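Asker: Shown below is the structure under consideration.
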Ligand SMILES: Nc1ncnc2c1ncn2[C@@H]1O[C@H](COP(=O)(O)OP(=O)(O)OP(=O)(O)O)[C@@H](O)[C@H]1O
């Protein structure tokens, strides 16, 4: 290193282990004026072309360390994710695999003045139905009052969605009397989107944050209409009669493991929320609705949306693949057929809905009693949901009730049904003590889960930093040592094959391939005599080219009928650069390079490049003869 002593500025010296540091100077800087006359250190000369082996080793070690660190951090992140998944599962199991929420529909403006509300929420888990004379209390996991917003409902549903991403089958059912707001909760409106769209958005959001696995999603939609299955996402049929059959002709299959599949149901891969919501809106539009006395646009079927989640763990974790289903079901409204004023088809639809709802009730009752036989086969609805209602799956029922006095009968029925479903988990009422213990356990688990999530994020940040450092170190390594390596190679490669163009590794690979592909048999190689003949011809071309450069003729006679046009691009190139060598060591001749003829009005004749190996190629000779004839005709 060279240190200037011309001015008296302070110069910092990078001193190792403090040896030679200026102790006089408090900040450790050595004043040039105080420097000893002969420096205590021998002058060091650095040859920039010498590869600093020590630094190279250091950098290699650093890269290896970082790689190891990242592997370790990923492992840690995976076990944290595993812990979070287990804890969430425990929370949901403690809370109950079938959870029931209740939502009270506000009195609509048209009936607000004539009705006194008969359903009142008592805190966040109780609801009271009845007037002064008879009061009945129901308890649920959560009660949403009439003021609750779509967002309030979604916040409570969110944890169960996470469970679907973790690989569990999840089923969310909107149940209730007709006109109580099931479709409002699931679909929502443009201003206030419902659960399905919020859930889809959240799934994509959560999947994008999860670095321990990759996710893909697909969507299917069907309705159970009059006991038949209709594919809501099937492509529009060109022939209506055929379409009607294909839409309704779906079979439900159950495999040996008990997994349910619906044969022929359209399944659309959706890569983002926009696509998913587009398909969902499309499916909704096809759903059957009718006007009834109770609801202007009453859904006359059960509408089922299935999101299939494909989860693949990262390669370092074994790349385990899991598939889970999230069912979002807007059930048809239970209804008193007389009250809805339904007749004909609408009456049949109402009956079919009631029948399948009672089959759903029977399944839930069997699950509650932990009976060996669960009557899934009694309706299409329960057959479809078989693998998402039973063991290992999570069920959320959202029961909807009206506040109107005239609906008190249906309201009580709905709430009793929902409470029975809730009792699948606990056949007896919990004592206050047990309840408190349960709550405490849930709170502890929730704290554990939060800790695991925070730690997961922290480790994620560490991974990001380490990855950044690794990529920078790799760049530095390849920029420094690869460059030096390449520089070392340059003279040899330059000797081997002078190239006009900077050769990229790919290009050189190509060249090698071409040489191999187009190598001619030995007997076709030019003889000494032919080489001499050729050289003579080239000399002739050169001299004529010189003549042409002086601009006297527009074409030249090579020998016999062989001629060249001044307009030939290859010949032009030769004129520009007469000393240019071909790759094969010969001075390039226009004819050897290409037989394309550019004389005006004549169609260019091109020979594939594969034939351009040598003018001595027998096929090429024939082409050349043809070319010469044509050229002499043109003169
Ligand atoms: N929470 C709510 N806030 C405001 N309006 C609501 C709410 N719930 C329902 N509604 C309104 O009540 C009407 C009936 O609701 P919706 O169609 O969702 O009922 P439903 O239970 O799906 O009926 P059906 O079973 O007949 O299809 C709609 O006009 C809807 O906008």
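Each Cβ is built from the backbone N, Cα and C atoms, and glycine gets one as well.
Just so it is clear, the model here is predicted, and its values are computed rather than measured.
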Asker: Looking at the ranges 554-578, 579-603, which is given as region 'Disordered' in TrEMBL?
Answerer: 579-603
Asker: So which range, 28-55, 56-83, gets flagged coiled coil in TrEMBL?
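Answerer: The listed stretch tagged coiled coil in TrEMBL is 56-83.
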Asker: Quick one: average pLDDT across the coiled coil (420-469), no decimals.
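Answerer: Averaging the confidence scores along the coiled coil (420-469) gives 80.
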Asker: Of 178, 183, the binding-site residues given in the record, which has the fewest other CB atoms within 10 A of its CB?
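Answerer: Per-residue Cβ counts within 10 Å for the binding-site residues 178, 183 bottom out at 183.
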Asker: I'd like to know which of the binding-site residues 176, 179 has the most other Cβ atoms within 10 Å of its Cβ.
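Answerer: When each Cβ's neighbours within 10 Å are tallied, 176 leads.
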Asker: Who are the chain neighbours of the coiled coil (56-83) in space, where the CB to CB distance is under 8 Å and they lie at least 6 residues beyond its ends?
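Answerer: Distal contacts: 210-213, 313-314, 316-317, 448, 452, 455-456, 459-460, 462-463, 466-467, 469-470, 473-474, 476-477, 480-481.
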Asker: So which of 177, 180, 181, listed as binding-site residues, have a Cβ under 6 Å from an atom of ligand 1?
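Answerer: If the test is a Cβ under 6 Å from any atom of ligand 1, the answer is 180, 181.
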Asker: Would you please pick out, from the binding-site residues 177, 180, the one with the fewest other Cβ atoms within 10 Å of its Cβ?
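Answerer: Minimum Cβ neighbour count within 10 Å, taken over the binding-site residues 177, 180, occurs at 177.
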Asker: Using DSSP reduced to three states, classify residue 182 (ATP binding site) as helix, strand or coil.
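Answerer: Reduced to three states, the DSSP call for residue 182 (ATP binding site) is helix.
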Asker: Relative to the Cβ position of residue 182 (ATP binding site), how many further Cβ atoms are located within 10 Å?
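Answerer: For residue 182 (ATP binding site), the count of other Cβ atoms within 10 Å is 27.
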